[in-house]
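A.B. asks: The following block contains the structure, expressed as structure tokens.
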């Protein structure tokens, strides 16, 4: 028993030595070639529960890095990427951030794909003064801590959750000419509640009336009684922030009950399963907000889509690909304007980012380190997402 | 009109609870076992129906019959493998085994096909009818009809056939039934077969009506059916049906009053209240234990 413990300790010690050796070799290489490379860490969910988000972000990042390097780099410096897999786990994400900042001495970290795993690294980014840029973490507390203080070195490329609620309200009023609406929100998710609240505030501020507010809980299957309540309030429009599993059923049951008004949701709807559950017919006259659409005729977007298709066998890039891609350009722009690879200078330059044209919109970074940009509205037509319009905040 | 609509919503929901509750109550009535794996039989039935319709191209009724058959066999299998040996042991041992079987089935299904949900294909033509100002889909009418027909057939089987007579005899006193020449093992198997077939039918109906099916779908309907069975008086067949309808309507009314988040809580509050104030259920008689 004791023997085996000692054995394990020895093995661990040996591994630590090997790793430390690797690390010093890396940082040695960096100090040698530090003059002409910019070292960026990528801390992503490459395996585990939300691996598909992390992998998509990473593919976008790699495409952008390849492009920038081929075009001569940033001020003549090539970008070097170190990828670390955080296994979709907050503790692993923290470890990976420690490795990237202390051993690899990266200039900036891109990651993680989800809010929780980004928050797990925030303290390290602030302490080591390394810029941390999350491509797709949408929770407000990625950049702002619970007590309201700003995470100085943390930024993001995606907009925050409640923003989609604001955009949906503006779309309903301006484009659809809606005067009264109902909200049916998933009460078990902060995401849905945040969206619902933002929708209500914006809609009422613009002179609209919320005629009915109902809630459901994830995993429910029967929504007919709630929908009957909404139906009797006779709204012109129903906002349904939630995830596709329940929303698919809500749409199907609503249409069966003869509710024909436009329905709207956010990126939580974006899944092929939604179309299967609701049925293509029921989905007509429904809208979602999303980060971007691959069908948007905008030139920047079409360039990105073409390049992505060349590199990855013709499949269409999703919103995560676009956000990963944009993160690199956002960072590259800041490094260029900072004129150095010093983290503090990059942070200041990022804060001053104004009107930079990216795939997911024209971005200005606000005082909370969130991007201010337009959101894309998609409409479901016969089960397919069709680009409808872009709405500015 | 809105209340009429809500009443109909409640009856539709209740008819599915009632179908599942029938199986619960039959098994309990005969071997005094709360078969917590019943919800999983319901799930298996739902998936059987799904594969039958989506991959073998069967219609609604053939899929219903196939699913009922497979579930009947499956139910008998569960009884023979897991419960038979425990028949003379304590009731708590059988109860724990039932929970174990339930978890085993759930995770075997997840292992085989993954946990992602599946969308039921549209097999029944659906038209919305306007009756007395309320919207009723033809689908829910048909489903209600199928449920009621199955319940009537069950009532007929239990009260008018030989096997039904044997069931009632075994439920009354298994030892005396054996002395009278009744094959107790076969009778119990038949009970499991019939109860599981009804759960299978409920699974297919649930799939058609609610579209989304997944490996853990049996848990909540299973618990609700248990509540329905207790509410009507566990072991009493008409009680299970009434219990199912009452539960469905109560849940709908709770939602209609604007307390949709309290819907599941309301069901469990009913369970607690009925256990405190009338443990034998609406239709149960207070019987004294003979010493």
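Every residue, even glycine, has its Cβ placed from backbone N, Cα and C.
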A.B. asks: For the feature transmembrane segment as recorded in TrEMBL, pick the matching range from B:245-264, B:265-284.
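C.D. replies: That would be B:265-284, the stretch labelled transmembrane segment in TrEMBL.
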A.B. asks: Taking residues 6+ outside the transmembrane segment (B:51-78), which of them lie with a CB under 8 Å of any CB in it?
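C.D. replies: Contacts of the transmembrane segment (B:51-78) (Cβ under 8 Å, skipping residues fewer than 6 from its ends): 23, 37, 41, 44-45, 101, 120-121, 123-124, 146, 189, 192-201, 203-205, 208.
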A.B. asks: Mind checking which residues reach the transmembrane segment (B:188-210)? Cβ under 8 Å, same chain, six or more beyond either end.
C.D. replies: 12, 16, 19-20, 22-24, 26-27, 30-31, 35, 38-39, 41-50, 60, 63-64, 67-76, 78-80, 120, 123-124, 139-140, 143, 146-147, 150, 154, 157, 163, 166-167, 170, 217, 221
A.B. asks: State the non-local partners of the transmembrane segment (B:132-158) in its own chain: residues 6+ outside its ends, Cβ under 8 Å from one of its Cβ atoms.
C.D. replies: 1, 4-5, 8, 11-12, 15-16, 18-19, 22, 64, 124-126, 164, 167-168, 194, 198, 201-202, 205, 208-209, 237-238, 241
A.B. asks: At a C-beta cut-off of under 8 Å, are there same-chain residues at least 6 beyond the transmembrane segment (B:90-112) that contact it? List them, or none.
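C.D. replies: Here the qualifying positions are 32-37, 39-40, 43-44, 47, 78, 82-83, 215-216, 218-219, 222.
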